[in-house]
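Colleague: First the structure, then my questions, so here it is.
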Amino acid sequence: MGDTARSEVPLAVLQDRPASTATSPAPPPAEPGSEAGRQLKELVQIQNPASAAASTPTAPTMGECSTEYRGLPGGNNGVADGAAMATPASLRKVSIVPLVFLIFYEVSGGPFGIEDSVGAAGPLLAIAGFLVLPIIWSIPEALITAELGTMFPENGGYVVWVASALGPYWGFQQGWMKWLSGVIDNALYPVLFLDYLKSAVPALGGGLPRAFAVLGLTAVLTLLNYRGLTVVGWVAICLGVFSVLPFFVMGLISLPKLRPARWLVVDLHNVDWNLYLNTLFWNLNYWDSISTLSGEVDNPGKTLPKALFYAVIFVVVGYLYPLLAGTGAVPLDRSNWSDGYFADLAKLLGGAWLMWWVQAAAALSNMGMFVAEMSSDSYQLLGMAERGMLPAFFARRSRHGTPLVGILFSASGVLLLSSMSFQEIVAAENFLYCFGMLLEFTAFVLLRVRRPDAPRPYRVPLGTAGCVAMLVPPTALIVVVLALSTLKVALVSLGAVAVGLVLQPLLGIVEKKGWLRFAVNEDLPDIGVGHHAPAAAADDEPPAP
């Protein structure tokens, strides 16, 4: 575990040697990871010792980005037999600006849905909640994501974190709970989109027209995911700007009408704590979802921490700005503060044109959240398949580089769950999400204790004791959220957890019987969590569409 990782020459060095090294006879081409590949590497080291020494990777200093995914001490130095990264560099095209907006949509999508916090607890507690909860929850989760997401820059994300710390069984449970939580959450967005439109098109309120609309909308948004993360990222930017602008305008219009005393209204004897906490929690979690796209990010060691930092500011300001404008400019009637009330506030403050803009922004925001969440869910399945936790066909990519089977599975789950109510969806996904976060917290601390020397391009600036202290408030919040869940939600969610406990051993039987093929991607770092040896070849995969 703690021995020094051996140095190897990256494959890129062999491919891009200067012309001066061409004086020696060129060895025949060899496949990465093959015996011939190892002999080729040794030959180059013998013939060109200076070049080989100059190319030997060194451990990154704190705060710098490692150019190579080195893995953990005691593993295979991050690269199996000198092979290149699993994901071709040409596919890693997500830069910092699209990444910020992808995180924005994974977590927030705008202030739509925060109205219930005022209805449940009044202005003062609502404002305080969106000031305090980011410190208790969002910042710790974002910090953990930055450290572990750069430590393991691959598409398994939090699944690999937990598997590395607790073993592949619990890594699978993490993947099952978080994927199911994400799909449940994603089922909400087509429903909300149609809810915003049904006032203009009453036929979308129910029946076959609504069912066909959900199907058609899901198909169109799924196609965007199929076309690639670059497309999804720029769609997220356009939708994000359009969704935020009307609230900026509404805030400016509200300035002459603001009465700061209205922000201080509170009635502790009339608080729906369950609705209040669930609303806050739902609007401020899922920072870790971006980790399942780490393998697709350009220079994740630097890009991911910066994107998370900017996204935290973006999200918190995006909640507080319209909340302060709405509660400070209009006399309080808590019964009005429910889903969609920002559109009514826009009409009161600016007129019908602003109301229509807010409604359009809300509808399109749901589209942004859908495509971002589906990207995270589908790439997670791809990452699990590359680690041998799911059948190999989940690792297939389309000609656009996207996880074809993962997208189809995630879309099917959305359609199956789209009939659930808003309250049921929020409560169920929160419950499952809480269990997954407890595993993440445990993995974060254990990796700090057991593998302190593992390369971390970004490191939370706290010692192990400080990290444990940082996790006490969010853990207490999880306990409260779970305790306030209804019996129905608890039973359904625990039933879903039980399915995962049984599903992993069943997949082991399926693999043992040879009914489906499982394979560990040889190009991924050996971190000692594979449940079997890597498959010898993946050439028998059918060509990607």
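The backbone N, Cα and C atoms fix where each Cβ goes, glycine too.
Grabbed the feature section from TrEMBL, which reads as follows:
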type	residues	note
REGION	1-35	region 'Disordered'
TRANSMEM	94-114	transmembrane segment
TRANSMEM	120-139	transmembrane segment
TRANSMEM	151-170	transmembrane segment
TRANSMEM	208-226	transmembrane segment
TRANSMEM	232-253	transmembrane segment
TRANSMEM	308-332	transmembrane segment
TRANSMEM	352-372	transmembrane segment
TRANSMEM	401-418	transmembrane segment
TRANSMEM	430-449	transmembrane segment
TRANSMEM	461-484	transmembrane segment
TRANSMEM	490-510	transmembrane segment
Colleague: Short question: which residues 6 or more past the ends of the transmembrane segment (401-418) have a Cβ under 8 Å from it?
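Modeller: Apart from its flanks, the transmembrane segment (401-418) reaches 88, 91, 155, 179-180, 182-184, 186-187, 190-191, 214-215, 218-219, 222, 225-229, 296, 370, 374, 377-382, 393-395, 425, 544-545.
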Colleague: Based on Cβ pairs under 8 Å, which of the stretches 151-170, 232-253, 308-332, 490-510 lies most in contact with the transmembrane segment (94-114)?
Modeller: 232-253
Colleague: When you check the transmembrane segment (308-332) against the transmembrane segment (120-139), do you get at least 3 Cβ pairs under 8 Å, counting only pairs 6 or more apart in sequence?
Modeller: yes
Colleague: Between the transmembrane segment (352-372) and the transmembrane segment (208-226), do 3 or more CB pairs sit under 8 angstroms, pairs being 6 or more residues apart?
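Modeller: Judged by the Cβ rule, the two regions touch, with the required three close pairs present.
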Colleague: Count the CB pairs under 8 A between the transmembrane segment (461-484) and each of 151-170, 352-372, 430-449, then give me the winner.
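Modeller: If we count Cβ pairs closer than 8 Å to the transmembrane segment (461-484), 430-449 scores highest.
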Colleague: With CB pairs under 8 Å as the measure, which of the listed stretches 120-139, 151-170, 232-253, 352-372 comes out on top against the transmembrane segment (430-449)?
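Modeller: Looking only at 120-139, 151-170, 232-253, 352-372, the most contacts with the transmembrane segment (430-449) come from 151-170.
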Colleague: Six or more residues out from either end of the transmembrane segment (232-253), which same-chain residues have a Cβ under 8 Å from its Cβ atoms?
Modeller: 94-95, 97-99, 101-102, 104-105, 109-111, 224-225, 318, 321-322, 324-326, 342, 345-346, 349-350, 354, 357-358, 360-362, 364-365, 367-368, 371-372, 375
Colleague: For the transmembrane segment (151-170), find every same-chain residue at least 6 residues outside the stretch whose CB is under 8 Å from a CB in it, and list them.
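Modeller: 69, 72, 86-87, 178, 288-289, 291-297, 300-301, 304, 379-380, 382-384, 386-389, 403, 436, 439-440, 442-444, 446-447, 450-451, 454-457, 504, 524, 527-531.
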